[in-house]
């Protein structure tokens, strides 16, 4: 959320998330507010190098261009200082001199020249090779050029490159020469006179500009390199473009307002798979360890400050290797030991409940879409007034009609849920089956606990949460407006209650704090809903084979708006790129004129031969990729780098097992009778570049096992001190078996068997030391083969 925004009157605001200058996400518009609450969450992989993660607050305008109010920019190197916690940031003013992105490739050299009279002078050679990742200007590739200057106390020599048209990655390849030290015979005194000692004060400055033609040129960034670092050596490196020194300085920073953010940023260097064998095997055998609290997976959750940090990579790794169900059963059994009353079963944020929550989010995506998306779309697109709280009713509202509308929606959502058991993923059913029988075993005298164990997850933590936040679960593209959000909140409350009714015979009306909800539920027939919920819970917690028709139902994987190039109709001009709605399922890839319209072009998944990036030079457009199939390639432009990366990954994943996949492809387009990449004139010529490596084959669960194991290694390493404390605690318990009289340093740890836990800890620490050595060797190898720029302008690292 934001507060105290300017201008000092009620306006409509939205916020964008940017990698450098590239917008990758945008919130919904919050109307008529000075302190807008956005409440939105975005999770994304970062597909390219970047300098800044930025957040821009906009004032929405109907007739004019949206006005940027202010920004929060965080350097990549500083993200670790803010990760995992909420922070208020003061909005900074936006000034063109501070809005930079991209990098420049330079080669610098000092040559010694001998003059005709035998004296020695020096010459500076600046070779500006290329730039990469320059920003778009008004949505289009820029027309960049560079100025190269030698600057000192009494000189400012400047030269200029040619302008490169319509490109964010210009190839300059121009060389400039500057005289640095005059020969001793040079006697003419002028502003260009430089004595030997002044070399300490000289610097090379490269400024990037967008050629404005008839309007003012736009500053794109600069770099500065002191001449003294060269001496007589040749120096070549990539430099990140920097803002001007006087950019972004204003006395009005306190007047713009502030923005509250919760950022979680992780960065891992993933080694080849064989390095992780020992750690992976130790984690995968966790469910077999007795007691479970002595396992590596459980110890990970114990030492992490926030259990969620451990749960995400742990669940994904165990899912990937089909080990999740026995692990969840083991930690749930431990959880139940501490549960004294049946009506509080699985209500806390334990390791067991968080593992099940994360599992449902990962494997239940398609299940939610086929069950809830049609009815959620109806509620959001044709909303009916549903407010039944007398305090919140507006003038002219009829509470009886609103109650009828709410009842209609609740009935429809409930009906879709209880009829959906056939679509419930088998993995979810297996987990629910385990939880149900563990609960019945723990409370044998309570006939309802087996149902409440399942309903506490599937109703309270799955369906009810998805109803109230449909955008978070990709059921809707954007956050709903305030009135629709209120309707969804009331429906969600009702679904929670109806789901709970199936687990108890008595009415839950007394649990409502709001009397208006009590009145609403008096219209429901308890027995009818209880029976429906009971049958549904029986079905989803059964180990019988599900989804007999699910095999024939296509799995919905991804959809969204992008631009595609017309296939062979017109070869010139911008008109051949048209906005279309794209949809990917496990069966076909289609595009439509508009969402929910019939497809106008369909490619069966089995016919896709390759999916690869397309060089920007093909159409002077960024974020392009190509889908190769039996006919002409389909060229598509995504809206940003994150979106392009996600589409390529999804398409590669679903087509990986196609038998006729290509080994080679053309990185550029076939235009004007030849391939731009290899100049071959036959359109049927085999590709000139090898296709990219395979990606994970699972079309529903996107998991890289090595990456998750590396994340777990990082978490263990960060919490190394807690591992040592736990090790000391195990030693103390083993030596002293008497009663604990006072709380100690390890009272927060769960230690059931100190010997078994100590043994696992020793294995973990031994593995961490070996992996740490491997990482150090890799970093040394990487740093020895990399060329770096100055401290102010470090080279951009690449990790494969």
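Residue numbering: from 1, along the chain as shown.
In case you wondered, yes, glycine gets a Cβ from its N, Cα and C as well.
Here the structure is a predicted model, which means the values were calculated and not measured.
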According to TrEMBL, which stretch among 755-777, 778-800 corresponds to the feature region 'Disordered'?
778-800
In the domain 'C2' (1-89), how many residues does DSSP put in helix, strand and coil?
6 helix, 43 strand, 40 coil
What does the DSSP secondary structure composition of the domain 'C2' (100-240) look like, as residue counts for helix, strand and coil?
9 helix, 77 strand, 55 coil
Tally the residues of the domain 'PH' (555-656) by DSSP class, grouping H, G and I as helix, E and B as strand, and everything else as coil.
24 helix, 43 strand, 35 coil
